[in-house]
Amino acid sequence: MGEQLLSLAYGCHSFGTVVHEIMHAIGFHHQHMRADRDNYLNIHWQNIKRGHEMNFNKLDYGLIFAPFDYYSIMQYGSTTFSIDGKSPTITPKIDGVKLVKPRHKGGLSKFDIISINDMYNCEVEAKV
């Protein structure tokens, strides 16, 4: 087994952010970068801070183990990398969903747990 080093910048020590970074370390990508994201999200390119556009590119690869999950620890908040901190960079295509930054989330969503179990062939039921 190899080792995976995690480096957390100043201000990135919230529980949600640490869990988010661990998810990257075990092989997961952002929800808003999924190939099917345009069915669920609008990306507001004009509101994205210059130099951060690559954080919103779709991936044409990657395993999808569960339905799109607005509440995933891997989903950015609606103003992440905003030009002014207020303008939305991502909005959901369905009403009633609020996109919350990982640092404000309490941990893994049900579908995050299902995805981890599927990726690593675990036979444990997700309990949230």
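Cβ coordinates are placed from backbone N, Cα and C, and glycine is handled just like the others.
Annotation comment: TrEMBL describes 1-123 as domain 'Peptidase M12A'.
The feature Zn(2+) binding site is assigned by TrEMBL to His20, His24, His30. According to DSSP, His24 (Zn(2+) binding site) is assigned to a helical segment.
Here TrEMBL flags Glu21 as active site. Every protein chain considered, the tally of other Cβ atoms within 10 Å of the Cβ of Glu21 (active site) stands at 15.
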Including all protein chains displayed, how many Cβ atoms other than that of His30 (Zn(2+) binding site) lie within 10 Å of its Cβ?
21
Where does His30 (Zn(2+) binding site) sit by DSSP, helix, strand or coil?
coil
